[in-house]
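J.: According to Swiss-Prot, the protein has these features:
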BINDING   C14, C17, H43, C46  Zn(2+) 1 binding site
BINDING   C33, C35, C65, C68  Zn(2+) 2 binding site
TRANSMEM  99-119  transmembrane segment
TRANSMEM  139-159  transmembrane segment
TRANSMEM  209-229  transmembrane segment
TRANSMEM  238-258  transmembrane segment
ZN_FING   6-75  zinc finger
Amino acid sequence: MPDQALQQMLDRSCWVCFATDEDDRTAEWVRPCRCRGSTKWVHQACLQRWVDEKQRGNSTARVACPQCNAEYLIVFPKLGPVVYVLDLADRLISKACPFAAAGIMVGSIYWTAVTYGAVTVMQVVGHKEGLDVMERADPLFLLIGLPTIPVMLILGKMIRWEDYVLRLWRKYSNKLQILNSIFPGIGCPVPRIPAEANPLADHVSATRILCGALVFPTIATIVGKLMFSSVNSNLQRTILGGIAFVAIKGAFKVYFKQQQYLRQAHRKILNYPEQEEA
């Protein structure tokens, strides 16, 4: 048995570089796993390089044998007290950084929403009136109420009320003579019902909803000043401007979608033109 073991050691070959004892007699060998045969032995230096490639800079990552899946037993020299404390601090910081980054991101979004809410209040109510209202309000109410303004605007923008109006239009347009007189042919039956695109599948919808919701107070203020300049109250003028803008924009959108619907319904596929024989 000792002779057989000695013969196996003399015949050992590194499964990384395929070198034998005859190629390098000074190389250090290691048997790190349960493998037998040609994959039993490996150079210490070759295995170290292979482990470095697998760990990719993370010295704490576990590495296993690719053949038998046995985990390599990797040990390090003992650290001194100073190095141990520094290593522990480095690990704690690495684990805490993702949570800190998430907290910073959430905090940035929150204070951006607070700032937007304050600007919106001053824009809708008036600069001086808005500042006076916020100065007299409870700070806790401001910290909770101001960031809800952009949230409510976005949620309100997500309500697709034009689609409900469009369904009612298509359902009762043939019964309302006033619609037929204003829009001739609107209540005529269509040859087929076209397939409509799913609004959730539109990749532009999210950005349009966000931009439209955040710009809405400014548009409502401008429309209110243009159409209801006789109203003295800034708040009432802005509310009326917002209602007018939503109504006018919704009417155009409903009409545009209905015309697209009719265009798709009357779509026709032509015969392929036959080529004249030579």
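Heads up, the Cβ atoms here are built off N, Cα and C, so glycines get one too.
Quick caveat, the model's predicted, so the values are computed rather than measured.
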J.: Other residues with Cβ within 8 Å of the Cβ centroid of C33, C35, C65, C68 at the Zn(2+) 2 site?
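T.: Leaving out the recorded residues gives P32, R34, T39, A64, P66, Q67, N69, A70.
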J.: Looking at the binding-site residues C17, C33, which one has the fewest other Cβ atoms within 10 Å of its own Cβ?
T.: C17
J.: Are there residues at least six beyond either end of the transmembrane segment (238-258) with Cβ under 8 Å to its Cβ atoms? List them, or say none.
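T.: Hits for the transmembrane segment (238-258): 123-125, 161-162, 165-166, 169-170, 183, 186, 216-217, 219-228, 231.
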J.: Going by DSSP, give the three-state secondary structure for C46 (Zn(2+) 1 binding site).
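T.: Helix, per DSSP.
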J.: Which residues in the same chain, at least 6 apart in sequence, have a Cβ under 8 Å from the Cβ of C68 (Zn(2+) 2 binding site)?
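T.: Those within reach of C68 (Zn(2+) 2 binding site), by Cβ under 8 Å and sequence separation of 6 or more, are C33, R34, C35.
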J.: Please list the DSSP helix, strand and coil residue counts for the zinc finger (6-75).
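T.: Summed over the zinc finger (6-75), the classes give 20 helix, 8 strand, 42 coil.
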J.: To see if you understand the setup: which same-chain residues, six or more apart in sequence, place their Cβ under 8 Å from that of C65 (Zn(2+) 2 binding site)?
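T.: Correct list: P32, C33, R34, C35, E71, Y72.
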J.: So which other residues, same chain and not among C14, C17, H43, C46, have a Cβ within 8 Å of the centroid of the Cβ atoms at the Zn(2+) 1 site?
T.: W15, V16, F18, A19, A27, V42, A45, L47
